[in-house]
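Q: Pulled the feature table from TrEMBL, pasting it below:
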type	residues	note
COMPBIAS	1-20	compositional bias 'Acidic residues'
COMPBIAS	311-320	compositional bias 'Basic and acidic residues'
REGION	1-24	region 'Disordered'
REGION	307-334	region 'Disordered'
TRANSMEM	109-131	transmembrane segment
TRANSMEM	143-165	transmembrane segment
TRANSMEM	172-190	transmembrane segment
TRANSMEM	202-226	transmembrane segment
TRANSMEM	238-259	transmembrane segment
TRANSMEM	265-285	transmembrane segment
Amino acid sequence: MTLDDDDDDDDDDDDDDDRYDDIPGLMSKFMDESLRWLIKNGKTKQAQKVMRRIARMNKKSEVIILEQFQEDFVLRKSDGVDDSERSGKFCGGKRSERLSFLDILKVKILLFNSACLWFCWFTAALSFFTIYLTVTSLSGDPYLNFGLIAVMELPYNVFFFFCLNRLGRKRCLQTVFAVMGIGVVLAGIFKKLEKSNSMFSVFTLLASLTAICGSSGCFNLLFSYTPEMFPTNLRSQAIGICSFFSRIGGMLGPFAGLLAEEAVWAPDMTMGVCACVACLLIQFLPETSKRELPQTIADVQAWFTSDQDNEQDKSRHIEPEADSILDSNSSKPL
């Protein structure tokens, strides 16, 4: 067999693999459009068709569901909300162009939320791929280390299932970023100490496993949290832009090995600092748990207004309580 024959065999294998690339595209033909998007953009006939299919699959009465939809639709019409406003051409009572990526850059609240999320996605990808690509540098069997790191992605799924709605998106996201940050910082310290004492190699592995658990949790939560922060007609674009910034972090991950040759602790400390900054930025984002998804930019702006009002109400309640405590203490005889 010649070298040309080997090349032909490789080309045939590539052709066989390429045939399966068309399957996802064909499957998309059988997927329904988002019901919320159809209603939001005034496509009532397509929305009714999707609701009929949902009713059939769930063995529910199509008549009852469609009647309820008609009642809600009539209420929207009676409120004076026309199709152009529902399609996103009106935001906060002012006429604007159809929502696009430029609207994210123009509206301060959307830009601030996006910038925070972009950094969080970047940090999550940077940490995740850096830990995965440097696992061979850890002591012990590399195959066992890879297996342990893969298994450590499972515990967060349990945390995600039980705590996401109870604790809220912000608190859960800050928790997993903190776990990741603590893990990478400890891993960097133990790698430095490992040069003088091999006993610390076990602690380095444990810290890396903790960090990978946190970073996988960051990815899962960001995929759930990010779409809830944007209006309907910007949701998919926002996810795409955030994914772009995560790709930048993923591209920088392989260079962590070169940085470790100069300073073994530097990659981990860099990720630790990024995780701390991400935790701080998340504090300024709105909580989306138990809130209806925003339909327009005005809905997102209303979130910040309501959050500020709640903070002011809390401060008003705290001040009278503090005054009453001081008065009661001053009235007591010495």
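Every residue, even glycine, has its Cβ placed from backbone N, Cα and C.
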Q: Please identify the stretch among 109-131, 143-165, 202-226 with the greatest number of Cβ pairs below 8 Å relative to the transmembrane segment (265-285).
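A: The listed stretch sharing the most Cβ pairs with the transmembrane segment (265-285) is 109-131.
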Q: Could you tell me what the rest of the chain brings near the transmembrane segment (172-190), counting residues at least six beyond its ends with Cβ under 8 Å?
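A: Same-chain residues near the transmembrane segment (172-190) but 6 or more away: 120, 123-124, 127, 131, 156, 159-160, 163-164, 200-201, 203-204, 207-215, 217-218, 221-222, 225, 264-269, 271-272, 275-276, 278-279, 282-283.
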Q: Would you mind listing the long-range same-chain contacts of the transmembrane segment (238-259), meaning Cβ under 8 Å and 6+ residues beyond its ends?
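A: Non-local partners: 101, 104, 114, 117-119, 121-130, 132-134, 137, 222-223, 226-227, 229-230, 266-267, 270.
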Q: Cβ under 8 Å, sequence separation of at least 6 from the ends of the transmembrane segment (202-226): give me the contacting residues as numbers and ranges.
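A: Sequence-remote neighbours of the transmembrane segment (202-226) are 117, 120-121, 123-125, 127-128, 131-132, 135, 138-140, 145, 148-149, 152-153, 155-157, 159-160, 164, 169, 172-173, 176-184, 186-187, 190-191, 194, 238-239, 242, 271, 288.
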